[in-house]
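First up is the structure itself, then whatever we jot down about it.
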Amino acid sequence: MDAVAFEDVAVNFTQEEWALLGPSQKNLYRYVMQETIRNLDCIRMIWEEQNTEDQYKNPRRNLRCHMVERFSESKDSSQCGETFSLIRDSIVNNSICPGEDPCQSAECEEVIMGHLSLNSHIRVDSGHKPHEYQEYGEKPHTHKQRGKAFSYHHSFQSRGRPHTGKKRYECKECGKTFSSRRNLRRHMVVQGGNRPYKCKLCGKAFFWPSLLRMHERTHTGEKPYECKQCSKAFPFYSSYRRHERMHTGEKPYECKQCSKALPDSSSYIRHERTHTGEKPYTCKQCGKAFSVSSSLRRHETTHSAEKPYECKQCGKTFHHLGSFQIHMKRHTGDRPHKCKICGKGFDRPSLVRYHERIHTGEKPYECKQCGKTLSHSSSFRRHMIMHTGGGPHKCKICGKAFVYPSVCQRHEKSHSGEKPYECKQCGKALSHSSSFRRHMVMHTGDGPNKCKVCGKAFVYPSVCQRHEKTHWRETI
């Protein structure tokens, strides 16, 4: 099973084969490939029914057309018998059910498997050009819920189905239901746990070869998608499209509950979960649930003792490279993400977004019990304690409740006497990382952030800035 990629639907000729084609045949080839590229974004999530190794065994795997005969320059030069495999069955299979009768083109008597394939074939036979994307022409099919426009009616239908709320396809193994057959097939592969495609460099395994190809770019550094406006390059097409919308400001997905506009479908789905509270990703070890799969993957690493990323300045270790990089910015004082309104700098883009809500007044978190709206999820959780009378995370020893699991874990260490942070210089053990960092300053007598007035050194830039304000008050 494989995601549809450009390589899967492209038609390739050798130089010798290309030389045998006439001008009209070459024009036909260009036309078909242009349409394929334009619609690749619509079809990229359609999954194949069978493994790659079976794709040539099944006679239904290829859709054969004799368009060359219809598009040759001279009527006398037709009937060449040449066939071209234009689009793999992975695309048209979505509209072909078992036992479906083949369709016949009234124009040229060619027998074609599948109504979708027939419609596409008739358009080419008649010379009719399908609707194109907005930059090329009109998009006649508009999604009523999201307001997104599509060039093809079948693309519109496939996008429209998930919003009906009906989930007709059920997994017999776990009982989970899905809105489309392809999502069920995708789930079944993941449920089976078989990952046959392995990276030769690091050994990581994947369900589909397309995911393996994408992963390999993290090793090679290949970035084939380049932004025409700022020349920034991206390894994945989805990343490139998200970046492009930053320039255009395009946000085609609108939330029904709060009217917030979002640039892509994945952001839209994640945002919807902030309203519904849905957390479909559950940790098998502790049962904790998450709204996005990346959060689950990050959480799962906390069950392993391995923390490969260590800060050389304070000795703190991390499970993730991203967390380590954020931590290092606190030492260096690097704040590359600036607020567009007031210019204030932050070390993370998420903090900029939170800060900008102060200017815009946006409050996306609404309490269902009293109707109060809040700008940040942390404020929302604190507010909910007023209604519930406690946090969701309780100490196993004394029963004290906490809003955050990290605070609860830190509290539990005070009962157990656990002190995981050990100073390599004097052997002293401490229970919290903040205490350990303060202790390390006693040995070094120095920190990377120095006061511009008196030269005193600090571990954190925020503490240094707070100290500098004491000098400023003295001058008043």
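Numbers run from 1 along the shown chain.
Each Cβ is built from the backbone N, Cα and C atoms, and glycine gets one as well.
According to Swiss-Prot, the feature domain 'KRAB' maps to 4-96, an assignment based on sequence analysis.
The zinc finger annotation in Swiss-Prot covers 101-125 (among others).
Annotation comment: Swiss-Prot describes 169-191 (among others) as zinc finger.
Feature annotation from Swiss-Prot assigns zinc finger to 197-219 (among others); the stated evidence is sequence analysis. Residue counts for the zinc finger (197-219) under DSSP (helix as H, G, I; strand as E, B; rest coil) come to 11 helix, 4 strand, 8 coil.
Summarising the annotation, Swiss-Prot assigns zinc finger to 225-247 (among others) and lists sequence analysis as the type of evidence.
The zinc finger feature in Swiss-Prot is assigned to 253-275 (among others); the stated evidence is sequence analysis.
What Swiss-Prot lists as zinc finger is 281-303 (among others). Each residue in the zinc finger (281-303) gets a DSSP state, and the totals come to 9 helix, 4 strand, 10 coil.
The feature zinc finger is assigned by Swiss-Prot to 309-331 (among others), with sequence analysis given as support. Long-range neighbours of the zinc finger (309-331) within the same chain, counting only residues 6 or more positions beyond its ends whose Cβ lies under 8 Å from a Cβ of the stretch, are 298, 301-302, 347-348, 421, 423-424, 433, 436-437, 440, 448-449, 459-462.
With a cut-off of 8 Å between Cβ atoms, the residues of this chain six or more beyond the zinc finger (337-359) that come close are 326, 329-330, 375-376. Look at Swiss-Prot and you will find 337-359 (among others) tagged as zinc finger, backed by sequence analysis.
Annotation source Swiss-Prot lists zinc finger at 365-387 (among others), citing sequence analysis.
According to Swiss-Prot, the feature zinc finger maps to 393-415 (among others). Residues belonging to the zinc finger (393-415) score a mean pLDDT of 79 in the model.
Beyond the zinc finger (421-443), the same-chain residues lying 6 or more positions past its ends with a Cβ under 8 Å from any Cβ of the stretch are 314-316, 410, 413-414, 457, 459. The zinc finger annotation in Swiss-Prot covers 421-443 (among others) and rests on sequence analysis.
Look at Swiss-Prot and you will find 449-471 (among others) tagged as zinc finger. With helix defined as DSSP H, G or I and strand as E or B, the zinc finger (449-471) counts 11 helix, 4 strand, 8 coil.
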Surrounding residues of the zinc finger (281-303) on its own chain - C-beta under 8 Å, 6+ positions past either end: 270, 273-274, 319-320
Composition by DSSP (helix, strand, coil) of residues within the zinc finger (225-247): 11 helix, 4 strand, 8 coil
